[in-house]
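Peer 1: So that we are looking at the same thing, I have put the structure below in structure tokens.
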Amino acid sequence: MEENKALMAVVVIQSIYAGYFVLTKLAFDVGMNTFVFVFYRQAAATLFLAPISFFFLIRKTAAAPPLSLSIFVKIFMLSLFGITMSLDVVGVALKYSSASLGAATSNTLPVITFFLAVLFRMEKVNIKTSPGIMKIAGVVLCIGGVATIAFYRGPLLQILMHHHLININHLSDQQLLIQHQIPDTKTWIKGVFLMLLSNITWALWLVLQ
């Protein structure tokens with residue numbers, strides 16, 4: 001039962017990621033500024049999480065350690081160059097690529113985190129043992145799958161183009177042309193590079209915590 005819960009949690013998380021990338025890509029295609037989008041997302045998260053954090057803080061029996069200037073600066077820099085930079089970069093990457101690429105490359109996050117953990121000597125790999133071999137095999141399989149999706153682009157699907165959620169009827173001819181335009185190879189490669197850079201900053205944020 002516990003194994004099924006873990007599996008369901010993974011499926012739910014991946015579904016949320018997929019929905020996030022699709023809706024974000026749609027917002028960018030109709031003219032939403034990527035940096036404004038990140039600002040509103042972070043502001044909404046702050047308003048939602050701040051009361052919850054304060055509630056658990058006042059219920060905590062142990063005294064919290066004092067927040068020194070050094071710790072405050074570290075938290076600020078970690079937030080700025082971690083998840084915030086990752087969201088800014090992934091927003092630009094989505095404009096250069098597609099939601100499918102974003103959802104696919106997000107699966108490289110555990111691999112990149114693993115590499116950084118090994119680099120910082122927080123994780124060990126012994127290729128002479130079964131767990132070590134399985135880790136390496138998982139890394140190769142993940143990278144191979146992401147590379148396949150990253151460098152192969154299929155035809156444009158227009159099944160849901162006239163759905164009311166997408167609502168393209170109000171767009172100008174120029175906006176429709178931009179929305180239906182498939183990025184060229186150079187632009188697509190930029191999107192792939194920025195997507196990987198976003199995951200690197202996200203993984204570094206996780207490791208440094």
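Every residue, even glycine, has its Cβ placed from backbone N, Cα and C.
For reference, TrEMBL lists these features for the protein:
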type     : residues : note
TRANSMEM : 7-27     : transmembrane segment
DOMAIN   : 7-149    : domain 'EamA'
TRANSMEM : 39-59    : transmembrane segment
TRANSMEM : 71-94    : transmembrane segment
TRANSMEM : 100-120  : transmembrane segment
TRANSMEM : 132-152  : transmembrane segment
TRANSMEM : 188-208  : transmembrane segment
Peer 1: Short question: most Cβ pairs under 8 Å with the transmembrane segment (100-120), which of 7-27, 39-59, 71-94, 132-152, 188-208?
Peer 2: 188-208
Peer 1: Work out, from DSSP, the number of helix, strand and coil residues along the domain 'EamA' (7-149).
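Peer 2: Across the domain 'EamA' (7-149), the residues distribute as 118 helix, 0 strand, 25 coil.
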